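Structure first, then comments.
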């Protein structure tokens, strides 16, 4: 399988370049960074592209890839409901093309989101804290936003988080994502970390995941690359490939 990498000179992109080059069943067909023409992907007969670029350019990348029938595995963040709808509309004309967009490709992070959804209905309170390096473009992270949405979905019909706060500085209680407070930390020395805190009378539960190195994303990305052709259309999240129930 011929695989191209967009964002190849970034920290995650460079990790993906090395991972693809080291895989016996994959061929690195192109490695592109800012300023490189996307036509290099078609020139190299690329079948699947890994995109770890920037929210400002990812939609243009996807439009090109879909138009050319190239499957896309996307780890770039900043996707909204409107952006997902746009991707789906592009895919209508290319029913055999696949796009997988995931907020996180670390297997442990995907599992932590799954565990959080399972635990959510058993606790009165839930909050999310995400911690990342200071170069991250978006806040809160896509992983934290998705985690909060999964928790809110699991708690549907239950009372909201108890919170007697009547006065606070703007932002002190975090961002409200479907009723779940999400707090973002940006700190030098961090990579990608998340805590989900649950509380009820007499006990708390903390689910924490730490990506200590960007190689933590490699197994999930390569899994998606190898299986993406099985899932025409848009897939959001890595969970469908892990057979989680």
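Backbone N, Cα and C define each Cβ position, glycine as well.
Among 117, 136, only 136 appears in Swiss-Prot as part of the NADP(+) site alongside 11, 12, 75, 76, 77, 102, 103, 104, 105.
Comparing the recorded positions 11, 132 on other C-beta atoms within 10 angstroms of each C-beta gives the minimum for 11.
Cβ neighbour count for residue 142 ((S)-2,3,4,5-tetrahydrodipicolinate binding site) (all protein chains, 10 Å cutoff from its Cβ): 20.
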